[in-house]
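The block underneath contains the structure these notes are about, expressed in structure tokens.
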Amino acid sequence: MGRGLLGGLWPLHVVLWTRIASTIPPHVPKSVNSDMMVTDSNGAVKLPQLCKFCDVRSSTCDNQKSCLSNCSITAICEKPQEVCVAVWRKNDENITIETVCDDPKIAYHGFVLDDAASSKCIMKERKGSGETFFMCSCSSDECNDHIIFSEEYATNNPDLLLVIFQVTGVSLLPPLGIAIAVIITFYCYRVHRQQKLSPSWDSGKPRKLMEFSEHLAIILEDDRSDISSTCANNINHNTELLPIELDTLVGKGRFAEVYKAKLRQNTSEQFETVAVKIFPYEEYASWKTEKDIFSDL
């Protein structure tokens, strides 16, 4: 009977304690162990720090730019307010690195941890007795594993490659664009000039007697012509205009075109079939070269 009554009153007891706890004013101080619970500036509970913790170990790290502690032990700091600390020493015998947790309110090796709020462990030289002494502290997890000796390196290193690529791209983009534009312009000029030097002549229309003033040079192919020797001897191939009527296009090359033509004999209706090679005015040098060759034969 008694146990049943107590069992029925237990839920009521829990509800009453819940109601009482909810009515406690927020300004009433609560008993909390300050060593076990620390809050940040926003009022959030701060958890203990994760730091490299290898005490003192020999190292090959020099005090140039940055290096790693090579500590394989990661420890949870004993108190939430403790931060990560790294100490680099160099004396006549060896180089050592020390990685520990420590409270920034307490001096370490006689020096105040004035950089405890930093997220990176940037070394600062301290005046030690008979040795080179650097120390740093930081407040991010395992931040004392990567120790940095140059503030400039610490500032630029994370985005160093990105900055280099950006600067290089911005620097090279204008010259590259100009170079591409020059290449395209030169290519278009070459294509246009070649088309101008080798025009597509209309071969569908029969060509009439052409004069030298029309910028065309006409050469009579003596060795392939059936013209009579009397007519051929009476013609000066170099200075006289020939009574030629072009017939059909036989072939076309890079520098000239070859036509089948009719060589009129005086004013009569008689003619001889000849081959005529025609050079455009722009290919005067090629025409002169061939003329000199045939003149020497």
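Positions of Cβ are set from backbone N, Cα and C atoms, glycine also.
Copied over from Swiss-Prot, here are the features:
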DISULFID  Cys51-Cys84  disulfide bond
DISULFID  Cys54-Cys71  disulfide bond
DISULFID  Cys61-Cys67  disulfide bond
CARBOHYD  Asn70  N-linked glycosylation site
DISULFID  Cys77-Cys101  disulfide bond
CARBOHYD  Asn94  N-linked glycosylation site
DISULFID  Cys121-Cys136  disulfide bond
DISULFID  Cys138-Cys143  disulfide bond
TRANSMEM  167-187  transmembrane segment
TOPO_DOM  188-297  topological domain 'Cytoplasmic'
DOMAIN    244-297  domain 'Protein kinase'
BINDING   Val250, Gly251, Lys252, Gly253, Arg254, Phe255, Ala256, Glu257, Val258, Lys277  ATP binding site
Residues outside the transmembrane segment (167-187) whose C-beta sits under 8 Å from one of its C-beta atoms, at least 6 past its ends, are none
Quick note, Cys121 (disulfide bond) and Val258 (ATP binding site): C-alpha atoms separated, nearest Å, by 86
Densest Cβ environment (other Cβ within 10 Å) across the recorded positions Cys71, Cys84, Ala256 belongs to Cys84
Same chain, |i - j| six or more, Cβ under 8 Å of Cys101 (disulfide bond); the result in sequence order is Gln49, Cys51, Phe53, Ala75, Cys77, Glu78, Glu82, Val83, Cys84, Val85
Among Val250, Ala256, Val258, i.e. the binding-site residues, the one with its Cα nearest that of Cys67 (disulfide bond) is Ala256
Of all C-alpha pairs drawn from the ATP-binding set Val250, Gly251, Lys252, Gly253, Arg254, Phe255, Ala256, Glu257, Val258, Lys277, the farthest apart lie at a distance in Å of 14
In this structure, the one of the binding-site residues Lys252, Arg254 whose CB has the fewest other CB atoms within 10 Å is Arg254
